[in-house]
Each structure stands twice: as C-alpha cells, then as structure tokens.
Amino acid sequence: MSLTFDDGTFIRNEMVQPLPPPRRQVGALGWVRENLFSSVLNTVLTLAGIALVALILPPLVRFMILDAVWTGENREACLGPEVGACWPFIKAKFGQLIYGFYPIDQRWRPNIVFAAGILLMVPLLVPSWPLKRLNSFLFFVIYPVVSFVLLTGGNIDASAFLFEHFGLIHSFVGDVTMAGVNATFWVDYVLTAIAAAAFVGGLLALLGGSGTGAARTTLWVFLAFGALVLAWDIDFGLPYVETRQWGGLLVTLVIAVTGIVASLPLGILLALGRRSQMPIVRLLCVVFIEFWRGVPLITVLFFATYMLPLFLPSGTNPDALLRALVGVALFSAAYMAEVVRGGLQAISKGQYEGAMAMGLTWSQMMRLIILPQALTLVIPGIVNSFISLFKDTTLVLIVSIFDFLGQLRASFTDPNWATPVTLYTGFAFAGVVYFLFCFGMSRYSLFVERRLNTSHRR
Amino acid sequence: MKRLLSTFALAGAFGLCAFGAQAATKLEQVKAKGFVQCGVSQGLPGFSNPDDKGSWTGLDVDFCRAVAAAVFGDATKVKFTPLSAKDRFTALQSGDIDVLSRNTTWTITRDTSLGLNFTGVTYYDGQGFLIRKDKKVNSALELSGASVCTQTGTTTEQNLADYFRANNMTYEVIAFATNDEVVKAYDAGRCDVLTTDRSGLAGERLKLTNPDDHVVLPEIISKEPLGPVVAHGDDQWFDIVKWVLFAQLNAEELGLTSKNVEEQVKSATNPEIKRLVGTEGKFGEGMGIGNDWVVAIVKQVGNYGEMYDRNVGPDTPLKLARGVNALWNKGGLQYAPPIR
C-alpha cells in the first residue's frame, strides 16, 4: 500500500511488481529471435538450413519408410515403378551382414562374444560404477582369450607348435602326450621358466638390482603365457571355424576393437619413446612412426596378405585375419603416437620439473603427472583416430576379408535380389549402422571430456 | 628380458596357424590339408555370389566343387577365397589358393607371362550390347551415332572403339567409374546402349526399372573365354583340373546326368560311358585320384549342362541361353577330347 500526505507527497512503501518482459523476448518466440534471426547473416543461414532440410528430409522419409517394401521373398517384391527401400533384402541378408559366412548352427558363439562384450564394456564406460580394476582385467585380459577360443573353437595345438620350434628338450625326447596334454612341453616349459627366472634374477642381482623381484616378474610372465597356451590348447569340443568364414559386422568389430585396444597403449609407448632422451630408442620410434605413417593402409594390408607369405619360410602361413589385424594395429598405433605426442608437448615444462623436484621416478612422473594431463588434452584427437580406424576397417575388403560393407557388396550380386533399389537400400542401411557406431563414440568422448576437463570449459 | 619374451610370444602367435605338412606335389598337398582352396570373385551374379544362406553359388563355384568331388569324392571339401581382380593372380602364385575359378579371360599375356596355366573354358563370353526395345534396333550394325554407356579403364572401352571403327560407325562414349553408375545412367536414359560382357549384361538388366523393356543384341564384339587357372609347376594338378571340365562336358554329351549316373554305372553297355564312369580302364588312377571320379562329379555337381542351367540358364533370373556355350554337336563351341 502507499501513504499520501496532505502536502501531496506520495510515498510508496511496497515494491512495485516488475512488469513481465516484452513478449517478443521470452518464450519460444524470444528464443527464435535471439538464436535464429538475430542478424541478417543469421537469418539467411537459418533459412538456407530450413530449405536444405526441407529438400532432403521428405524424399528420404519417403524412400526409407513410406514407399519402402517391408515383406517379400525375392526380387519380385521390390520391382515396380515407385518402390522405395527394399527391406526384405536386408532381412534376407541380415545374418550374413552380422556374421558373414560363419556357420549358421554355430552363430551362438559370436552372439555370446557380442553379449559378453557389451556386458563388460558398459560398466567400464560408466564412470560411477564400481570394480573398475576387476572389470578392466576381465575386459582386457580374460575377454580376448575367451573370445578367441569361442570364435575359432580353440584347440589349436599351440603347445605342440611352440615345443617343436622353441622346445629345449624337443630333440632329446619328442612329443609325449598324456591325457590330451603334451606332457613334455609342460616339463620343458617349467624348466625354461625356472631357468629364465634364475638367469634374470642372477643378472639383476649382479648388477646390483633387486634379483628376487625380477625373478618373480619373469615367473609371472611365464605363468600368464602358460595359462594362455593352455586356454588355446584345451579341446572344448567346439568345431573349428576358420577366420576365412568370419565376416560382416563381426569382422568389423573384431578389427576395430583390436585396433583400438592395441593402438592406444602402443601409441603411448611410441610417443614416449619419440620424446625419450635415449638416442637408440628415439631413433627406433621415429623410424617406426614415420614408416607406418608414410605407407598407405591399403599397401600395408596388401603386403601383409600377399607379399608376406612369399618371404616367410614355406610352411608358415599366418592366418589372413591375423595378418590384417597386426597391420591395422601397427598402422593406427603410429597415428596414435603422434596424437599423444601432441598432448605431451602441450604440457608445460614446469609440470616435469615439479614432478622431478618431488623426487618422483620417470615412470611415476609420467604415470601420475604428465600422461593424465596430456591424454585428457588430446581426447578429441584420440577419438578421431578411433573413428577413422573404425571406418578404415572397410579397407580389408581388398585383401578378401569381408567386413560389414564387403559382405553387403557381395550380397548385391545375388541375382535373386537384383533390383533397381537394392543398391540404395543396402547403402542406406550401412550408413545408419556406421553412423550409430561413430556417433556413439563421439558422444561418449564428449561426455568423458566434459567430466575430465571441467577447468578448461568455456 | 620381458621385451624379448613378448617378442617370442608374438612370433609364436604369428606362426600358430601354420600348415604342418609340406608335401611334394600339389595333389598330395591338397589331400593332406583335406580340401581344395578355390579362388572365386567377390560377387558376380550367376558365377560366384553368396546366396541367402551364406553359401557360395554360381558356375565358377560349382566348378570348384567338381574339382573337390574328383579329388575327394566329396564336393563339399572345398573352401572359397573371394578375390578382387587385382590380387587373383598373386593369390595363385603365392600358393594361397589351389585353383582360380574367377571369370578370368584367357589371353596370351596371362597364359604366358604370369606363371599360370589356363585349364579350359567354362564359359565363352563376349562383349555385347543392351538396348531399349522401343529403339527398334535389331543389330549392332545399326548403332551408328549412338551414345554408349561403359565403365572406364576396362578392355570394354577398347573393344568398343575397335568395333565401331572397323564398321565405320560413329558413337559417343559416356564412361563411369563403377558398374552401378553405368547401370543407373543407362536406366535414366543418358545413353542409348549399355555395353559390357554378355554374362554381365544379364545381371545388370535385372537392376533396371523395367528389365523386360530391354534386349541384348545378337552381336558379340570380343572374345572373352573364361576359364579356371592353376599355377605353373605341377602338371599332374594341371591335368586333373583340366579333365574335370572335360569329364563334365563328356558326361553331358553322353547323356549322363546327376539323376541317372548311378544307374548307368551298373547298366551301361556303351563303352564310352563305361570308360567315363570308370567301370572300364583306370583313367582316374592315372591322374592319382579315384577311378570313380566322374561318378562323383556328375552325382554331386552334375554335368556341364546341369551346372549351366542351375546357375545362369533360362530358369534362373539371369536367363542366359546356351548360345555358343552349347555342345559342339548342338551348334556351340563346347568340345572335350574323348576319354580313352
């Protein structure tokens, strides 16, 4: 209320309610004015954008959904003047697009691998979920071995091979098999492990280091490798499925995931090596990185697949997929190394000096101070590499490994599905699938960036 | 030390998939590993393409099965390596595959300079023309002034130029990088004629909006004999692959089909058939395989005619008439030396 005095003085003793802002500046209308039509340039860009969407979206929707054929048994269903996408084609070829030529009655094996991969990866990616250490151990150590055994069928006689080529007592004893296990190999293996541990321990003790520590580490390495060989050797009764029969999304994911998982640690090591003070290490790393960066991936794959067998001793014929995997991993590691090096160079000298002043060793300094900062800085670059690696996997088609896109292209040639729209349908589907994967990766990287990078945010 | 060990581990992993046995001859090698490794295309309708169930089908594929049937008596003992046009010969030279059955044209360059042997002709192909029916053209000689769609950088373009020049005709070439672009352009009416190998034309025709509005002209302007290839250095293997095709042709000529072959083994009186099915003579053993090799081929894969009809014949979507691929006594070119 207010008071009015006799002399006409007016005193308000209460605040006036503020008027609502002009209607053109609030709500949807205000937002649109502010963001879409704030200036001439902005208005032009907005209108151009709307025109573009209006131009592209309706035909796309019409082709993909409205005019599309949804059911049918063969090409007859998708013939006609005004036919959109031929989805029965994708349905008929779906199994092949996912598993390639993997035998139909064995497809539960890749299914388990897919499911286990998702089950292990999702908790790893969500930062608030517990048991990260156990989870990473499962994902990075146990999961690859299990997947390998499941997908190939295991039982590959690794011990027999190692025994024949590296066995110390092989020439004296020969193979003795007990209960399906190559007994002499394991005797040999244990002896080698003890000898190697004693040698390393003794050497380090002589040099004044911790002999028992080194010996223990050596034994652990032998133990881990032995477990790996044993896992490969056990006959689980799964029929052998050679990698030639793998294909489709299975191969795309195997190559991409292996490449991604292998390239990051390798790339970090190479980047550290390139910035190392040790001349030989530095030289080797520079040569490695520049060699792999200087050669196109297609050449690497072609060389690994068709040239390598000519140079290897006859009788050794490494698996084609393995060759491509190693090629892709080394190739992407070289690129990753340069990305990581960019991050390392962005860290100011003060961080190094501060770490050294604290009395940290080199590895502690890198692990606790430098790398966490450097890697955070280059997350966009790292994810960039991952995404391009994922898409580069399609190049394995030239070495006759049918990845997702290769399998699709092979499906185009089936005369039972040859129609005018088959090609468009296939590529539309492939586009959606690739987009889902790449967009997913990119969103996740944004999420991680925002979480780690709060101090730098604008 | 750790680094050394990991090097060893890597080396071990590298060699894991090594083939153990190193046998002397190709046949022994193939028998030792238990299957024929066969190079096919990465997809050519009717010749080698994966079907809905994910198994390879086609004329080239069936020929590989026939080789497996001859060697093992089991047509399923074959594995396929899909190869691109670029790396098909490298794969054969490096021993990655035992037979290349990938619509490969037999030319003197390939036969004499690459260390390879062509074993025969499974399909006589040649470059042809596809044209709209409403153009009312009945012969390629009426094509003067036409615009022709074709793929760049192939022998197709060269053959086209030669043919039109030899017949004093003018034409306009519209070339595209990929086959699919060629088909789309032709379908959209950007050119009057589409040219490629006739077997290919049949496949491309299916991708047109109205396949029945188009017709393949009778003229064939180039020779493209397609056949299986083996590497130099093993004549026994060369013989086996060569005679698998001859056996299929002889089987068709003598009326031996997958349905009647077993009956013919028991009841045949014709000495030619008796020699073919192995009840007389030891021709299979002479090559190092079983005497009943032809029975296995015909029973499991069929004779040449059956193989043709199943994959590219008139009852398939490709609808390719036998034409020059008919037997020699039916007006075609397919002729096999006798088995005796």
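Just so it is clear, glycine is given a Cβ too, placed from its N, Cα and C backbone atoms.
Note that this is a predicted model, so its numbers are computed, not measured.
Positions annotated as transmembrane segment by TrEMBL: A:36-57, A:112-131, A:137-154, A:189-207, A:219-240, A:246-271, A:283-308, A:320-344, A:365-387, A:421-441. Marked as domain 'ABC transmembrane type-1' by TrEMBL: A:249-445.
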Problem - Top Cβ-contact partner of the transmembrane segment (A:283-308) among A:112-131, A:137-154, A:246-271, A:365-387 (pairs under 8 Å) - result: A:246-271
Exercise for the section: Answer with yes or no whether the transmembrane segment (A:189-207) touches the transmembrane segment (A:246-271) by the criterion of at least three Cβ pairs under 8 A, sequence separation 6 or more. Expected result: no
Exercise for the section: Six or more residues out from either end of the transmembrane segment (A:365-387), which same-chain residues have a Cβ under 8 Å from its Cβ atoms? Expected result: 260, 263-264, 268, 272, 332, 335-336, 339-340, 342-344, 346-347, 351-352, 354-356, 438, 441-442, 444-445, 448-449, 452-453
Completion exercise
Spatial neighbours of the transmembrane segment (A:219-240) not adjacent in sequence (6+ beyond its ends, CB under 8 Å) are 103, 106, 109, 145, 148-150, 152-159, 162, 180-182, 186, 189, 192-193, 196-197
Problem - Same-chain residue ranges lying at least 6 outside the transmembrane segment (A:112-131) that approach it to Cβ under 8 Å - result: 138-139, 143, 146-147, 150-151, 253, 257, 444, 451
